[in-house]
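What follows is one structure encoded as structure tokens, with my remarks underneath.
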Amino acid sequence: MKAIAVERGSEGPAVIEKPRPEPEEGAALLRTLRVGVDGTDHEVIGGSHGGFPEGEDHMVLGHEAVAVVEDANGTDLDEGDVVVPTVRRPPADGSNEYFERGEPDMAPEGEYVERGIVGDHGYMAEYFTSPPEYLVPFPENLWEYGFFAEPVSITEKALEHAYASRSAFEWSPESALVLGNRSLGLITLAMLEFGVESDRSFADRDFDRTYCLGRRERPDPTVDVIEEIGATYVNSNETPLETVPETHEAMDFVYEATGYAPHAFETVEALAPNGVGALLGIPDSWEFEVDGGRIHNELVLHNKALVGTVNSHVKHFEGAIDALKELPEWLLEDLVTTVATPEDVAPAFEYGHDQIKAVVEFDSL
Ligand code: NDP
Ligand code: ZN
């Protein structure tokens with residue numbers, strides 16, 4: 001079968017031939033439909049994030065997938081069912097308490113592998129295998145957008161944790177600011193603007209006023225999407241993050257999806273009293289100056305919170321699926337800028353300003 005992988009010492013992704021995997025007992029065989037590409041894949045390809053499976057000379061890419069059960073192999077899945085896989089799996093030396101209590105997203109580094117990111121092969125192949133407890137049923141009619149379940153689940157978890165940090169008092173947020181205008185930022189912006197009516201989704205608040213900060217000049221396709229959503233574009237070249245309260249308003253909620261490390265600290269200044277910032281970006285080591293006293297003081301005297309959050313698990317995928325059912329289809333269509341095939345995969349890894357979300361399509365329903 002064809003797979004898209006990074007090989008040790010190579011510059012970029014390559015199409016390789018691999019044997020079709022045989023499911024072990026307790027695992028099903030999945031036929032891949034589509035796999036999304038995001039900033040994390042670019043970091044993995046560039047070598048700044050993640051790592052190869054032990055003893056292997058390559059890693060199959062891809063952690064945002066939608067697939068069909070090809071061979072249930074004695075599990076309680078049904079052949080033909082559409083599913084989306086979660087990303088974390090137990091490390092090679094066995095399971096641990098985080099997996100046993102169904103919270104692998106809370107496991108510290110070293111206590112997990114992540115398919116297509118660190119220590120395990122991903123889903124960018126014609127087939128993959130998985131135990132059923134890591135597969136979430138996905139509505140067949142939305143299969144083309146199934147790869148969005150993973151990134152949306154990341155935001156579901158971020159919202160759960162951020163809002164939990166504000167649950168001790170009467171918090172009535174009205175304004176939200178998303179930092180970053182690629183795939184994760186834009187789909188999150190839509191979730192905050194439109195809200196999701198579902199008991200399973202943590203995106204159940206719709207904010208009165210939403211903003212999205214980027215560093216691009218108009219005309220730009222992502223700015224068009226921001227405005228179609230009904231949000232206000234903030235150009236950080238004109239309006240640095242810490243000046244947003246003066247030029248727009250102080251924010252009840254900030255969602256950082258840039259990976260630009262100064263944003264973590266400037267977020268504290270952009271927040272309104274009692275606000276919360278969720279940090280998602282994964283920067284490299286970077287030394288710079290900040291006014292630590294001021295940040296400390298702001299956090300304390302204005303009851304502000306910063307929450308770091310990574311990965312997600314089954315309940316977040318379930319919320320994400322409900323969110324995807326409610327997000328307008330024009331938005332999902334606008335976000336998908338490239339559908340590549342394994343035969344000509346290069347366009348999926350182009351990263352120009354007209355690329356928002358690229359996917360590799362292995363098969364269709
Ligand atoms: P991208 O790297 O594709 O997008 C980053 C966005 O941030 C781009 O729109 C970029 O602008 C913008 N940006 C970067 N620096 C600045 C700046 N100084 N001012 C304004 N805008 C800026 O990533 P994704 O959308 O896929 O993901 C966002 C971040 O979240 C990444 O760091 C990624 O690693 C992380 N991530 C974290 C997860 C988690 O579980 N915590 C899961 C998934 C992703 P431009 O395009 O113009 O360069
Ligand atoms: Zn991702």
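The backbone N, Cα and C atoms fix where each Cβ goes, glycine too.
According to TrEMBL, the feature substrate binding site maps to THR40, GLU114, GLU150, ASN311. The Cβ neighbour count for THR40 (substrate binding site), using a 10 Å radius and every protein chain shown, is 23.
In the three-state DSSP scheme, SER183 (NADP(+) binding site) falls into the helix class. Annotation comment: TrEMBL describes ASN181, ARG182, SER183, LEU184, ARG215, ARG216, LEU280, GLY281, ILE282, THR309, VAL310, ASN311 as NADP(+) binding site.
Taken from TrEMBL, the feature domain 'Alcohol dehydrogenase-like N-terminal' applies to 25-140. If you take every residue in the domain 'Alcohol dehydrogenase-like N-terminal' (25-140) and average the pLDDT, you get 97.
Per TrEMBL, domain 'Glucose dehydrogenase C-terminal' is recorded for 144-362.
For 1-24 (among others), the entry in TrEMBL reads region 'Disordered'. With DSSP states grouped into helix (H, G, I), strand (E, B) and coil, the region 'Disordered' (1-24) comes out at 0 helix, 10 strand, 14 coil.
Long-range contacts of the region 'Disordered' (87-106) within its own chain (CB-CB distance under 8 A, at least 6 residues past either end) are made by residues 54, 63, 112-117, 119-120, 134, 150, 157, 310-314, 316. The annotation region 'Disordered' is assigned in TrEMBL to 87-106 (among others).
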Those binding-site residues in THR40, GLU114, ARG215, LEU280, ILE282, VAL310 whose CB falls under 6 A of ligand 2, listed in sequence order:
THR40
Do you know which of the binding-site residues GLU114, GLU150, VAL310 end up with C-beta under 6 Å from ligand 1?
VAL310
Top of the binding-site residues LEU280, ILE282, VAL310 by count of other CB atoms within 10 A is LEU280
Counting only residues 6+ apart in the same chain, whose Cβ is under 8 Å from the Cβ of GLU150 (substrate binding site)?
GLY36, HIS63, GLU64, ALA65, VAL84, THR86, VAL87, SER312, PHE317, ALA320
Can you grab the distance from VAL310 (NADP(+) binding site) over to GLU114 (substrate binding site)? Cα atoms, rounded to a whole Å.
12
Taking the Cα of ILE282 (NADP(+) binding site) as the centre, which of the binding-site residues listed as THR40, GLU114, ASN311 lie within 10 Å of it?
THR40
Binding-site residues compared (ASN181, SER183, ASN311) - the one with the fewest other Cβ atoms within 10 Å:
ASN311
